[in-house]
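*Asks:* So that we are looking at the same thing, I have put the structure below in structure tokens.
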Amino acid sequence: MSTAQHTSPRTYEVRTYGCQMNVHDSERLTGLLEDAGYVAAPDGQQADVVVFNTCAVRENADNKLYGNLGHLAPVKAATPGMQIAVGGCLAQKDRDTITTRAPWVDVVFGTHNIGSLPALLERARVQDEAQVEILESLEVFPSTLPTRRESAYAAWVSVSVGCNNTCTFCIVPSLRGKEKDRRPGEILAEVEALVADGVSEITLLGQNVNAYGVEFGDRQAFSKLLRACGEVDGLERVRFTSPHPAEFTDDVIAAMAETPNVMPQLHMPLQSGSDKVLRDMRRSYRQRKFLGILERVRAAMPDAAITTDIIVGFPGETEEDFLQTMHVVRAARFSGAFTFQYSKRPGTPAATLPDQVPPEVVKDRYERLVALVNEIAWEENKRLVGRRVELMVAEGEGRKDAATHRLSGRGPDNRLVHFAPPAGVEIRPGDLATVEVTYAAPHHLVADGPVVDVRRTRSGDAWAARNAAPAPSSGVTLGMPTVGAPAPLPDAPACR
């Protein structure tokens, strides 16, 4: 702690780990800090305030946090006035131990009171002692807080927070609480305001997004919300994540198929293809229901790309159980999957289940699963060679774009496509480019032919306006990309 006085604006950096909810929460943390007078630390410069927005779903989340805190200890000791704050799910879980294991931490705050961060930082500075404040229920719905959006053309929009499911492997509901829903009018007002600012793609976000409406008793609230988004003038693309198979109903499928700006893309977490394992996981669906949902989605939207989450090595999983998962992967023909080796989390029912699977068995099954997922994804991508696709061009999409002199974007189905921009034509993030796919790989497509068409958009204008004036770096380091960027494996899945 330090009582050093500061005459210039204090700088900040937010480091984010985990799911999309954390990415969006970090946009709010950034907005709160800037609203309180902090400025983003320029690239390469040590920030006065470093905020960790943490994840608690997987075991390596703990190791990652405390490892990073350890690296900062000597930096803080040599930097008068520097402060470190830890928030998010791991802070909610480890509230009593963080300042014991890392006594140089100044502030610990939870998932329910992110709006308190600026006040807690100031209190820690003035009182010269650590401030630990964890609430057990939501203080203010996060959507009311100041937000600094990372993208000029795409945005997260929360429809709910919390989760009412009780999956035995997941600790998130105990950390984020029961589901609380925003009212449709409030959500649509935010969407319309974003579009007015130049956003043309939104992703509706919830721990169990299609359960939206349970709090106010409307079982079709989510499908109605999708259709209402279709009426927002200027909104090009609507996506959502993540649904739960148990509540995924035919009215949602119909709304997706019948609303032109709802994209033909679905992320539907499987977790396991074994009915026995699904029962042990307390997932309230079985293999037949899951495959039936996918069949109805593809009947309504033949070109839909479907991705999933799969956990390998859940306690009690036998070779036959695993083969059932492989069967579902073959039948479902996912365009991609986030695959995870089961991680025991203290405080979850699964942590105490008998028959924990040996690590070497889990590793073998994981490698076989990944190989199959990649094989199928590649086959599905090859079918798109020769097809024309309209891409929303995005910033920071391809790691090799600078070396290959390409740009990157996402198709309606959310597949990543790298393409060669035409000479003499400015194509900005947020603009729409139509290309013809010439090459397929398991995780991306390439369009090396001429660009068929470019449509300049209000989102491209917004991106250009944001980047016209010199500005410091965003101050946010994301464990996952911003909306519109490619989707590599996240640190952990959301509660789904």
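Glycine too: its Cβ is placed from the backbone N, Cα and C atoms.
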*Asks:* Quick check on the annotations: Swiss-Prot lists region 'Disordered' for one of 113-144, 369-400, 433-464, 465-496. Which range is it?
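*Replies:* In Swiss-Prot, residues 465-496 carry the label region 'Disordered'.
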*Asks:* Take the C-alpha atoms of Cys170 ([4Fe-4S] cluster 2 binding site) and Cys55 ([4Fe-4S] cluster 1 binding site) and report the distance between them in angstrom, rounded.
*Replies:* 12
*Asks:* Would you mind listing, in sequence order, the residues at least six apart from Cys89 ([4Fe-4S] cluster 1 binding site) in the same chain with a Cβ closer than 8 Å to its Cβ?
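*Replies:* Within the chain, Cys89 ([4Fe-4S] cluster 1 binding site) has Cβ neighbours under 8 Å at Gly18, Asn22, Thr54, Cys55, Ala56, Val57, Thr111, Ile171, Val172, Leu175, Arg176.
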*Asks:* So for Cys167 ([4Fe-4S] cluster 2 binding site), how many other CB atoms are inside 10 Å of its CB?
*Replies:* 23
*Asks:* Any idea what the Cα distance is from Cys19 ([4Fe-4S] cluster 1 binding site) over to Cys163 ([4Fe-4S] cluster 2 binding site), rounded to a whole Å?
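*Replies:* Cα-Cα, rounded: 14 Å.
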